[in-house]
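What follows is one structure encoded as C-alpha cells, with my remarks underneath.
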C-alpha cells in the first residue's frame, strides 16, 4: 500500500472536493476537513491543507485528479525506511493471563545501523530470551513511549456494559502512546500502526478519546516485518508483557502461561481453587473463554 502526502492550497482543495463529491465518506478525525474513497484509495484532506492518499492506486488517482505529485509528494511503500518513523505495536491481547503492553517508538534513519547490529526483526521470530536481552538496549537508545494496562484495570474497562471492548481499548492505548511520544517533541514523517482493525473502525473508536493529533496514520498488517520502528515497539512491548506476566505469577505463587490454550485453563482452575475469582480478576482477562473452561474443570 502506498501513502502519498502533499500540501495543497485553497483553490486546489475546492477543486478536489468538487471532483470527489460523489465519493465522500465520513471521518471521525476532528482534524480532517474532507474525506473520500475512490478506486480503493482513501483521500483525506486535513484542515491544515495537508492531503493524504492511501491505497495501492494512490499514484494513479493522484494523476487522475491532476495533483502536483512530482513536485510535492512524499511516497512511502511498505519497505520505506529512509525517513523518520513512529511505529506502534501491542503485545498481550491474545493472552489470557497478563496485561496489554503498547509501545510507540521513533526510529530515525541514523538508528538503522545500530538496530541491524542488534538483529532487530519481527519480535514474533525472536525467542523470549533474545527479546529480554536486547529490549533494555532499545529502551536506552530509541525514543519511545510504553503503556501497560494491567489485567485488573483491563477487567474494569473491557466487557459487557463497560466503556470498552477488545478493539476499542487497543485504539485508546495506541492513540495515547503515540500522542505522548509526539508531546516529547518527536517529529516523524510517517506514523505506522500494526493493523488490528480497519482504518474506518479505528477512527470510529478514536472519536471518544480525549487526546488527538493531526498526523495521518498508516495501517499495515504485519508491520513489524516491514518497518524497523514497529519491530522495535514489538520487542519492547513483548519484554514489558513478559515482565508483567512474571510479576503476576510471583504475586500468586504460580507460573502463568502466555497464550489462551489448555495450559491457561489448567492454571486458571488451580487459581480458582486456591484463591477464588479474585485471583483471575487480578491476573487474567475475564471475558476470555478460558474463564468458563477453568470453572468447568473444577466440577470434574
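Here the Cβ of each residue, glycine as well, is placed from N, Cα and C on the backbone.
Divalent metal cation is bound by 89, 90 in Swiss-Prot, and the record lists one more residue there from 9, 194, 243, 246, which is 194. Listed in chain order, the residues near the divalent metal cation site other than 89, 90, 194 are 88, 91, 102, 103, 174, 193, 196, 223, 224, 230, 233, 234, 237, each with its Cβ within 8 Å of the site Cβ centroid. Minimal Cβ crowding within 10 Å, among the binding-site residues 89, 90, 194, is found at 194.
For the recorded site, residue 194 (divalent metal cation binding site), the DSSP three-state label reads strand. Confidence over the domain 'RNase H type-2' (83-300), given as mean pLDDT on the 0 to 100 scale, stands at 93.
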